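> For reference, the structure I am asking about is given below.
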Amino acid sequence: MTEYFRFPKPNLFWLVFLTVGLILIFGAYLSLRFGAISFSHDQLLVTLKEFGKDSAQQDIIVDLRIPRLLTACLVGASLAVAGLMMQAVTYNRLADSGLLGIQAGAGLSILLLLILNPNSHYLLRLMVGFIGAGLVAGLVIFSSQQNGPGNHPLRILLIGSMATAFLSAVGQGISIYLNQATHYLGLLSGSLTQANWTSLAWLAGPIFLALLFAMFFAKQLTILSLQESLAQGLGLQTKLFLVLFLLLVTVLSAAAVSLAGSLTFIGLIIPNLIRPFFKRDFRYLLPLSALCGACLLVWMDVLARILHPPYELPLNSLTSLIGFPILLFLIRKGDWS
């Protein structure tokens, strides 16, 4: 059991953390400069120095690109941490809120809300998305819990994939029937084009609060990620903390979908990339997952804008290019615990 609590060298953590931080800063710099309209380095500096001045450059950088950059950071961090917690509580490295239908549940709920009330408040979208995501999460996890030979790690992935396909089909049918295809495509393909200061002002708080709660209970998550009998033997109230972490996953997923639509694979990619370095110590894994998730989505957004300007590629297509090979590798290797 000692191997689970063997802490990595702090120097390694800070080396990785600072390296990823520098990569994120460089990605943020590119995110502010490039897009359908690109700016030189000097133009960017002048615009930032003259913050608040009325100009076309100010409108693009301050009102569009900075909130888009911050949204990418929040959404990436949310999905990476949500994926890490899902993998811990399900004992399954294939778990991801996007692959298990949780984001699809939130997306369908928010789509229905937008159809009924296009000007609905962002907090209302978060609450409705939370309900939809929670219902799907409960259904998928409950359906996958089966004693005997049918309780295979791939079972939850298959059930989640079916739930995602079903909910996506329902959403597509409703949106086409009611001529709301634009709302549906944005929620399905993942996009940061709707990012703005208002959505950030209302949704950044719940995201930060959920992330802080997750990191505050990192030790309990480390214990919970062991065998359930072992966690109970160590005195952990497993049922209580299981519910807590699933609630945090649901909040983070619903907030991410409210801001950027459904984005799969981020919660699969990041935890599986950093886990080999830090094993099961979630005091290191959680903050590093948040930073790496933010970094990944910022760079994916930059690539989506610069590969074929002035058009943007769907973010899901880029994350899938990285996530799908990792998923196949884990399945083939049989390493999912």
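Easy rule for this one: first residue shown is 1, then count along the chain.
Cβ atoms are placed via backbone N, Cα and C, with glycine included.
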> What range among 154-177, 226-249 does TrEMBL describe as transmembrane segment?
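Based on what TrEMBL states, transmembrane segment spans 154-177.
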> Under a Cβ pair cut-off of under 8 Å, which of the recorded stretches 69-86, 98-116, 286-307, 313-331 contacts the transmembrane segment (12-32) most often?
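Between the candidates 69-86, 98-116, 286-307, 313-331, the best contact partner of the transmembrane segment (12-32) is 286-307.
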> Do we see three or more Cβ pairs under 8 Å linking the transmembrane segment (154-177) and the transmembrane segment (69-86), pairs being at least 6 apart in sequence?
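Contact criterion not met.
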> Do at least three CB pairs under 8 A connect the transmembrane segment (69-86) and the transmembrane segment (286-307), leaving out pairs fewer than 6 apart in sequence?
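Output yes: the transmembrane segment (286-307) sits against the transmembrane segment (69-86).
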> Name the range, of those listed as 69-86, 98-116, 122-142, that has the largest tally of Cβ pairs under 8 Å with the transmembrane segment (197-218).
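Counting Cβ pairs under 8 Å, the winner is 69-86.
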> So if I exclude everything within five residues of the ends of the transmembrane segment (98-116), which remaining residues of that chain have a CB under 8 angstroms from its CBs? That is, six or more out.
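Non-local partners: 79, 86, 124-125, 128-137, 140, 156-157, 159-164, 167-168, 170-171, 174-175, 178, 180, 183-184, 187-188, 249-250, 253-254, 256-258, 261-268, 327.
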> Please report, as numbers and ranges, the same-chain residues at least 6 past the borders of the transmembrane segment (313-331) whose CB is under 8 Å from any CB of it.
93-94, 99, 154, 188-192, 260, 262-266, 268-269, 272-273, 296-297, 300-301, 303-304, 307
